[in-house]
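These come from TrEMBL:
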type	residues	note
DOMAIN	21-120	domain 'HPt'
MOD_RES	His62	phosphohistidine
Amino acid sequence: WEKGFLDAQFLQLQQLQDESNPDFVVEVVSLFFDDSEKLLNDLTMALDQPNVDFKKVDAHVHQLKGSSSSIGAQRVKNACIAFRSFCEEQNIDATLRCLQQVKQEYYLVKNKLETMLRLEQQIVAAGGSIPMIELGF
């Protein structure tokens, strides 16, 4: 695992999961995926307009930043911070580059989270238990 994909916020999510709510992390991660996919589509469409509404673009990026922060997707959040500064400058070339960067970071963290959750489900299905993950990625 490469470092920096998830921060301490993800550990806090894991700590909220218990026997009474065993699917908590899966549910939160699924919501993050749904929200992010929608926002990335909205951003792609907004930046594809002849006259880009940078306020609208910034609002979408702000939502994605919040969603990323809430799950601990640190590199997505950081890419959103850079994205927002280029929205303020109304720099179309830079915002298009940032969109590609945000998408890349999102798909990387999505892939890692899906792999981790699949492995956890296999461990539990085999009768094992999941240790708290150390923040090594």
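Placement of Cβ uses the backbone N, Cα and C atoms for every residue, glycine included.
Across the domain 'HPt' (21-120), the prediction's mean pLDDT works out to 95. When other Cβ atoms within 10 Å of the Cβ of the residue listed as 'phosphohistidine' are tallied across all protein chains shown, the result is 15.
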